[in-house]
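Summarising the annotation, TrEMBL assigns domain 'YjeF N-terminal' to 10-195. Taken from TrEMBL, the feature (6S)-NADPHX binding site applies to 56-60, 116-122, ASP142, ALA237, GLY290, HIS342, ASP405. Look at TrEMBL and you will find ASN57, ASP112, SER145 tagged as K(+) binding site. The annotation domain 'YjeF C-terminal' is assigned in TrEMBL to 202-461. Positions annotated as AMP binding site by TrEMBL: LYS375, GLY376, HIS377, ALA378, THR379, GLY404.
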Amino acid sequence: MRGLWTTDRVRAAEERVMAVVPAGALMRRAAFGVAVVAAELLAGGRRVGLLVGAGNNGGDALWAGYYLRKRGVAVSAVLLTPDRVHAEGLAAFRRVGGRVVDRLADVDLVIDGIVGLSARGPLRPDAAEHVAHLDAPVLSVDLPSGIDPDTGATSGPAVRAHTTVTFGCLKPVHALADCGDVRLVDIGLAGELHGPDLVELDVADVGLAWPVPGPEDDKYTQGVTGIAAGSATYPGAAVLAAGAALLSTSGLVRYAGAAAEGVRARWPEAVCTGSVTDAGRVQAWVVGPGLGTGLGAEAVLRTVLEAGVPVCADADAITMLANNPDLWDARDPDTPLVLTPHDREYERLAGPVGDDRVTAARKAAERFNAVVLLKGHATVVAGPDGRVLVNRARSSWAATAGSGDVLSGVLGSLLAAGLDPVLAAGCAAKVHVLAAELAADGAPIPATSLLGAIPDAIRAVRPL
Ligand SMILES: NC(=O)C1=CN([C@@H]2O[C@H](COP(=O)(O)OP(=O)(O)OC[C@H]3O[C@@H](n4cnc5c(N)ncnc54)[C@H](OP(=O)(O)O)[C@@H]3O)[C@@H](O)[C@H]2O)[C@@H](O)CC1
Ligand SMILES: Nc1ncnc2c1ncn2[C@@H]1O[C@H](COP(=O)(O)OP(=O)(O)O)[C@@H](O)[C@H]1O
Ligand SMILES: [K+]
């Protein structure tokens, strides 16, 4: 589990530490860390270029240049705002023979000290011009310049980092955007940082949480998953969601709906009926994928919400909740509800997602008193209690039709097994991403292949 802290929290912690350490000490610790990683990345190379912005991020780069010069590396620096440059850093850099140049040329590594925690918006045109002409790998100081530190959003030119060296703690950008290989340098903030704003689950967290049968278990004790999905028009959604539930946990899966025949044909082990009212007892429902939004579908959603068990509401269920707010009344507010919108479904529920996906997920979680899993390349899970988990995919192969139906089935089975709903959503997102990666292995895949890779993904996260 990795914690991530927003820039406000980082600055507050830095201020408290700076009050008790000598001036400049934090920056020199940070810069020394950058220089160590730069020396490692240089391998046989001998020439480093610095892109230096107006603030302390540029100061870090200049001090890193100073330490590299002392190791005999040739270092040149472009000062993007010569009238506003970290004066001590520049003096130290010059003292050891660092050169100030108009443009970087023939360097083996670039250190990006354009902007850090104070970044707003994309790279400014002059900085973008320098970045566009780089052909050496880039080591970013704190974060790749041009990406928003708190949202990970990029709305124009930005640095593409090979590696990012950050200080004290990880910030949201490191989980939400591509920062290359992220290295964390300890600058002594730990004692001043309390609970993180966001959390990224790691493979071990997911493996430990994943439900597996014990000696006392039978098919019922592990939680029965109910799938209320699919229709005559979209039977495939039911097959995918039911299959995902079957492959995610042992135990029993019930399917209820118009696609019973197709589900039974593909998954003989599923217990299938035509209607949710005669489905039998379940410990969680998945409702919505391929269900439609007509009156019959509304009745299904209402029955499921009234059942008093955790519900994962996806796809058409979200559209119905957005279109017909009366449906919310069917729900017992003390029973967990997980909503799994993509951006357009989110918009129907709560307006445009915007650049700040974490805030968007948080706001909807609070407003609907539900866990919200906002899908995308970076998936954000927000709980009504303020917890937020983030999970960025390392590939985009999951962006394929039916892939969300698979996610809902995985998530429903974890709810049925009794996992805390925020953890269930985080674990489902992680295994889904992993399954997509394993199945694709470098080539496009249909959602059926993603589904088929769920067992391998679970094996990959489970403890040995
Ligand atoms: N505090 C500490 O103890 C420690 C801090 N540390 C380091 O300090 C960094 C934070 O430094 P910081 O706050 O001085 O600002 P920083 O990020 O360098 O920005 C400078 C200026 O850039 C500009 N600018 C804004 N957006 C831009 C864009 N898109 N493209 C281009 N330019 C843009 C904007 O200037 P403006 O022109 O708007 O006035 C802004 O004021 C932090 O990331 C870490 O590296 C470490 O040393 C550890 C100890
Ligand atoms: N660019 C992307 N990179 C990685 N994963 C993505 C990307 N776009 C979408 N996904 C994932 O693919 C799934 C798509 O779900 P959804 O849009 O509901 O598809 P469908 O309705 O066709 O089943 C989600 O799990 C989402 O997180
Ligand atoms: K930077």
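Note that Cβ sites are derived from N, Cα and C of the backbone, with glycine treated the same way.
All annotation found in TrEMBL is predicted automatically rather than curated by experts.
Sequence-distant neighbours of GLY376 (AMP binding site): residues of the same chain at least 6 apart with a C-beta under 8 Å from its C-beta are HIS342, ASP343, ARG357.
For LEU117 ((6S)-NADPHX binding site), the binding-site residues whose C-alpha atoms fall inside a 10 Å radius of its own C-alpha are ASN57, out of ASN57, LYS375, HIS377, ALA378, THR379, GLY404. Other C-beta atoms found within 10 angstroms of the C-beta of SER145 (K(+) binding site) number 28, with every protein chain shown included. Less than 6 Å separates the Cβ from ligand 3 in the case of ASN57, ASP112, SER145, drawn from the binding-site residues ASN57, ASP112, SER145, GLY376 in sequence order. The Cβ of THR379 (AMP binding site) has LEU373, VAL390, ASN391, ARG392, ALA393, ALA429, VAL433 as same-chain neighbours under 8 Å, each 6 or more residues away in sequence. Measuring Cα to Cα from ASP112 (K(+) binding site), the binding-site residues that fall within 10 Å are ASP142, out of GLY59, ARG120, ASP142, LYS375. Cα of HIS377 (AMP binding site) to Cα of ARG120 ((6S)-NADPHX binding site): a distance of 22 Å. LYS375 are the binding-site residues among ARG120, ASP142, LYS375 whose C-beta comes within less than 6 Å of an atom of ligand 2, given in sequence order. Cβ neighbour counts within 10 Å, taken over all protein chains shown, single out ASN57 as the most crowded of the binding-site residues ASN56, ASN57.
Checking the binding-site residues ASN57, LEU117, LYS375, GLY376, THR379, GLY404 against ligand 1, the ones with a C-beta less than 6 Å from an atom of that molecule are ASN57, LEU117. Counting neighbouring Cβ atoms within 10 Å of each of the binding-site residues (ARG120, HIS342, LYS375, HIS377), the lowest count belongs to ARG120. In this structure, the C-alpha atom of ARG120 ((6S)-NADPHX binding site) lies 9 angstrom from that of SER145 (K(+) binding site). With a 10 A radius on its CB, ALA378 (AMP binding site) counts 20 other CB atoms from all the protein chains. In three-state terms derived from DSSP, ALA378 (AMP binding site) belongs to an extended strand segment.
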